[in-house]
Amino acid sequence: MNILHSTLSTWRDRLAPVSRTSTFRTTGQITPEEFVLAGDYLVYKFPSWSWGDASSPSKRVSYLPPGKQFLVTRGVPCHRRLNENFAGDAHLDDEIVRDFLSGGAGDSDGGDDNDGWLRTGGGGKRHESTIRDVRTVDESGKEEAEVEEEEDIPDMEDDDDEEAIIREPAGTTSTTQPTRTYNLYITYSNFYRTPRLYLSGYLSPSEPLPPKLMMEDIVGDYKDKTVTLEDFPWFDGSLQMASVHPCRHASVMKTLLDRADAALKLRREKIKQTAASSSPQEKAKLAQPESGLEGLVDDIKGLSLGDAQKQCQGDKGQAGGDEWEVLQHDEEEEVAIRVDQYLVVFLKFIASVTPGIEHDFTMGV
């Protein structure tokens, strides 16, 4: 069944009409030219990524140049398996926050508190911890009367009782799991007009990981749904890899782009308000790194190729002026994420599917 699905998917991509019109801001989709532009940016900023070519000319796609058929990074470590104990709570569902990838609630409306990211492990059915009454038993085995609440104060000396220490059984630590490595491939899906991720695992440099075992490193809700085992169409032969299906990628990226723009706008408003304030505390607070999408905006802005030039121009024009100077009009029209930075954001959200794989190993963001 997977072979048939892989074949149909490959031919659908190759036969679909090629779009040359940029709709990046309105749909979250990119053209082949924009994919190459974003790939060049990723390779330039993060040298662990490189361009790859098909194993033979017949495997190349016509809408991408030879030598730039896909992006690849090799040897990405994966130190843990994602079993039912992932993130601490056994036998509990993963909490999917705005689960775009699996097709649930993909609109940009509502859910403003989570910025469209995924929290996995033990959140779907939260336990409300309760403290039960602690009763003592006398020497005859009879339960003593309930004591007043204010008397239930633990004795600090009890912490020194070596017999009270609960030791973890031997062999239960996660460090006993062998480290796997993955080669990650980013291709362009011409049918969906978005990037697509393939993963190929290894138990050792010379021992490939059986495809079925790759699913141990995929979040449970995505196995065999969003993530399937398919042949990599750029190589001769039948090399199966785990692949994240791109059907929801455009809507996810569109939502993240919109929210990043909103976060940048909010950031600028804060700068304006702080510029009018003489409070050093507010200025110091603004200088601290942000979290969520505002933090992502700061990270992306820090990757801008033109930052050094802008900083140089700012130093010349500032002449000792206030560092909290209000942004110029042309800067206010600037978007939070450019099209050449597309793959940086793409890898940030796709990492939620495989949280055990250290994607940050390939990126310094």
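We number each residue from 1, going along the chain as drawn.
Glycine is no exception: its Cβ is also placed from the backbone N, Cα and C atoms.
Computed from a predicted structure; not experimentally measured.
As given in Swiss-Prot:
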- 85-176: region 'Flexible region' (REGION)
- 103-160: region 'Disordered' (REGION)
- 145-160: compositional bias 'Acidic residues' (COMPBIAS)
- Cys247: active site, glycyl thioester intermediate (ACT_SITE)
- 272-291: region 'Disordered' (REGION)
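Neighbours of the residue listed as 'active site, glycyl thioester intermediate', defined as other CB atoms within 10 A of its CB across all chains, total 14. According to DSSP, the residue listed as 'active site, glycyl thioester intermediate' sits within a helical segment.
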